[in-house]
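A.B. asks: So TrEMBL has the following annotated:
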type    : residues                                                     : note
BINDING : GLY97, ALA98, PHE130, ASP215, GLU216, VAL217, GLN218, THR273 : pyridoxal 5'-phosphate binding site
BINDING : ARG133, SER272                                               : N(2)-acetyl-L-ornithine binding site
MOD_RES : LYS244                                                       : N6-(pyridoxal phosphate)lysine
Amino acid sequence: MIPALMPNYNRADLVFERGEGAWLWDAQGRRFLDFGAGIATTSIGHAHPHLVSAIAEQAGRVMHTSNLYRVPQAERLAARLVEATPFADSVYFSNSGAEANEAMVKAVRKYHAANGHPERFRTICFEGAFHGRTLAMISATGNAKYLEGFGPPVDGFDHVPFGNMNAVRQAITKETAAIMIEPIQGEGGVRPADLRFLQELRATCDEFGLLLALDEVQTGMGRSGKLWAHQWAGIEPDVMSSAKGIGGGFPLGATLAREKVAEHLKPGTHGSTYGGNPLACSAGNAVLDVILAPGFLDQVDRVARHLWRGMQDLAGRHPKVVAGVQGAGLLLGLKLHDVVSNAEAQGAAVAEGLLTVAAGMNVLRVAPPLIITEAEADEALGLLDRAMLRITPGEAKAAAK
Ligand SMILES: *Cc1c(COP(=O)(O)O)cnc(C)c1O
């Protein structure tokens, strides 16, 4: 018989009852170091007192009023995001990454239509991308596995190999509206785009009158050690999506845009009942208080470099299992050899008390809360070390003794 909760996920048989910072406790009282952060989402850790009190306080006043009325919490959060994000002039709020991307693609199409080019509706996307699970976003993602059985894909998304500038230029036609890319492919295997490639995409967009649309749902909100990952490349997009870490675990999505793009989303063009409600935006403001505090992102960068060095050492100690380390900031991946699967590695880490997340291309993703200390990074490295020993072919028995 089908379970009451729809069986559309492969869930591990773990139940977490309580969290604090980078730690989670399960129903048996076992303690886990959470280096998955609910898929890069609990950005300031579990039960952060400032976030908890902001949510509780707002819930006790008013949670939701709809966008029929002004929402001061949303106005404040938008103003702060615009202030902190050089390219952005205006922000649209939603409830998830897929929705933030939907708004981004709709804004791109509207921009060209409003400028007399309704035929320019196509977006160039990349192989290995992940943009969400709505009908349009599975088309933007382009992964055959996600499209199968859901009817004709939404038209208007063309895919080229990640990092291939010639292929991008060849894919541009009179119908092309934008190029959409994750600065680091998350689900696709923690694959960073070359900074040069991002710079060339910016130049190509300028050359052909295209908009550069960045999906920073996973890479944004401080995860790379800067507020936005694209800032490492010294470029600016025209429109960008954010979600995951922006609410610290409370559902919130945002689409940030230049004025020339945002101005076309006039009343009636797009919307969401929940989007940007007082509760979600109070959570967003509390997260921003922490992430924009002086020195916070410098510490993320410091601890990320520390973790990176430790993962390189780890890779060196386990050459039979680990092929290399990739990623940036606190979005890192252990690329594994084919002899072991990332699911196996993930399971071994859980057995040692460490939570991680699998990603594409047989990568084990490490995406801790941004508040971790160097000591917690070292602890995670120790647990990973033991997990790798568990799964090393031919050494499993020796390790078990
Ligand atoms: C997770 C993710 C999404 C989808 O976000 P949801 O909140 O699950 O809809 C989109 N893009 C990227 C890059 C993501 O990592």
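One is the number of the first residue shown, and numbering goes on along the chain from there.
Each residue, glycine too, has its Cβ placed from N, Cα and C.
Buried or exposed, and what's around them? Tell me for each listed feature.
C.D. replies: Under a cutoff of 8 A between CB atoms, and with a sequence separation of 6+ in the same chain, the neighbours of THR273 (pyridoxal 5'-phosphate binding site) are SER66, ASN67.
When secondary structure is read from DSSP and collapsed to three states, SER272 (N(2)-acetyl-L-ornithine binding site) falls in the coil class. Shown in sequence order, ASN67, PHE93, SER94, ASN95, GLU99 are the residues of the chain, 6+ apart in sequence, with a C-beta less than 8 angstroms from the C-beta of SER272 (N(2)-acetyl-L-ornithine binding site).
In sequence order, ILE39, ALA40, THR41, SER43, GLY97, VAL217, GLN218, GLY220, MET221 make up the list of same-chain residues 6 or more apart from LYS244 (N6-(pyridoxal phosphate)lysine) whose Cβ falls under 8 Å from its Cβ.
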A.B. asks: Around PHE130 (pyridoxal 5'-phosphate binding site), which residues of its chain at least 6 apart sit with Cβ under 8 Å of its Cβ?
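C.D. replies: Counting only residues 6 or more apart in sequence, the Cβ neighbours of PHE130 (pyridoxal 5'-phosphate binding site) under 8 Å are THR141, ASN143, GLU182, GLN185, GLY186, GLU187, GLY188.
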A.B. asks: For ALA98 (pyridoxal 5'-phosphate binding site), name the DSSP secondary structure in the helix/strand/coil scheme.
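C.D. replies: Where ALA98 (pyridoxal 5'-phosphate binding site) sits, the three-state DSSP reduction gives helix.
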A.B. asks: Just going by other Cβ atoms within 10 Å, which of the binding-site residues ALA98, VAL217 has the emptiest spot?
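C.D. replies: Fewest other Cβ atoms within 10 Å, among the binding-site residues ALA98, VAL217, is found for ALA98.
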A.B. asks: Any of the binding-site residues PHE130, ASP215, GLU216, VAL217, GLN218 with a C-beta atom under 6 A from ligand 1? Give them in order, or none.
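C.D. replies: Listed by sequence, the hits are PHE130, ASP215, VAL217, GLN218.
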A.B. asks: Between ASP215 (pyridoxal 5'-phosphate binding site) and ARG133 (N(2)-acetyl-L-ornithine binding site), how far is it from one CA atom to the other, in Å?
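C.D. replies: Roughly 14 Å, rounded to the nearest whole number.
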